Amino acid sequence: MIELITDKPHPMHLVDSLCDPQLFATLAKTSPLIFITNSTLEILVLPPLLETARSLGFSVEILIIPEGEQAKTETTFLYLHKQLATLTIPRQATLIGVGGGVVLDIVGFVASTHCRGMPFIAVPTTLVAMIDASIGGKNGINLDHIKNRIGSFYLPKDVWICPSVLSSLPEQEFYHGIAECIKHAYIADASILPILQNPASLRSTKQLSLLIKRNCLCKASIVGKDIRDHGIRQILNFGHTLGHALEMLFTGKISHGFAISVGMVLETKLSLAMGVARNPNILHFLVQDLLRYQLPTSLKDLYAQAQIPIHSCSQILSALSYDKKKQNASLPPFVMIEEIGLAASCNGSFCQPASNHFLTHILKEDLHAMHDH
């Protein structure tokens, strides 16, 4: 079964199996398919795709890149360009990225720049990638530890989402993706929350598929209104302004989902402190929703996991200065939450200047709580 979730801003299909020949129906056999993945997924996920492509008469090439966030570098990017050039791959060939956010970010960026643009298909293998990284055409690489500093907007030709692939994920890694689901619920669609009430129910393919579809539609509807990230798309940065700063400081020792989880808690505290959030219980509800999936809700949780020395408040504030949204102020603007399911807007903008005083107080309070124990 192949189900079209939406075709805006680009097609996304929910599929029962990666062996389905129908997946390849729109691809021309005159050009090769270039599968790009890492060595773990080459064993776990790639075989059915390769087998099906070859049985249909496609010529295929496989390129393997290193695993993890540390692979999102110019070295990997240039390696792929050089491999494509060495193999004399024509620009009509389709690149097929098979992996989580890291693989898809790199493959999308290579596709957007090799021969000034090649078609590519995303085959996300993590929940984060299925409901977030594969949607909307943002791609890129890190510069040193600065997240996504070099990149482009380039939409995939298609996204093939196969929920059964997630059964090979460890539970904790699956939960990292739930952080982005909770983000979607809080900024735009509170009706996602009931699907998340019972973690055990997500072991059923039906419930999991429902969760994936609802999140894809939520993100796609936001991105479809603002591909270039000048307006409403900015609400998808909820939790990511502080989250990315923390990821940078922790240099790969915490997952994206964990960083975003704590980022959302801190940014909700900021929304309350600045009088933007209308519901005083919003923080309590958010923390409960995160804890249900064993997601961290404080800096203390992050440091306990990473086992690194505690940063100072000023180190966290200075990491924020690398944020791409930053203009002239000392702090980048933040996405704030008005109520569950509604990100705040201010004078037509979805990011608002933050009070240095309030943010410093919130960070210091969270850091001091660690010293008290």
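Cβ atoms are placed via backbone N, Cα and C, with glycine included.
Quick look at what Swiss-Prot annotates:
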BINDING   67-72, 101-105, 125-126, LYS138, LYS147  NAD(+) binding site
BINDING   GLU180, HIS240, HIS256  Zn(2+) binding site
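Nearest Cα neighbour of GLU67 (NAD(+) binding site) among the listed binding-site residues (GLU180, HIS240, HIS256): HIS256. The Zn(2+) site is set by GLU180, HIS240, HIS256; from the centre of their CB atoms, other residues of the chain with a CB within 8 Å are VAL128, ASP132, ALA179, LYS183, GLY239, GLY243, GLY257, ALA259, ILE260, GLY263. Comparing the Cα of ASP105 (NAD(+) binding site) with the Cα of every entry in GLU180, HIS240, HIS256, these being the binding-site residues, the smallest distance points to HIS256. Ranking the binding-site residues GLU69, GLY101, VAL103, LYS147 by the distance of their Cα atoms from the Cα of GLU180 (Zn(2+) binding site) places GLY101 first. Reduced to three states, the DSSP call for LYS147 (NAD(+) binding site) is strand. Looking at GLU69, ASP105, GLU180, the binding-site residues in this record, the fewest other C-beta atoms within 10 angstroms of the C-beta turn up around GLU69. Cβ crowding, taken as the number of other Cβ atoms within 10 Å, peaks at VAL103 among the binding-site residues ALA71, VAL103. Summary: among the binding-site residues (GLU67, GLY101, LYS147, HIS240), the fewest other C-beta atoms within 10 A of the C-beta are counted at GLU67.
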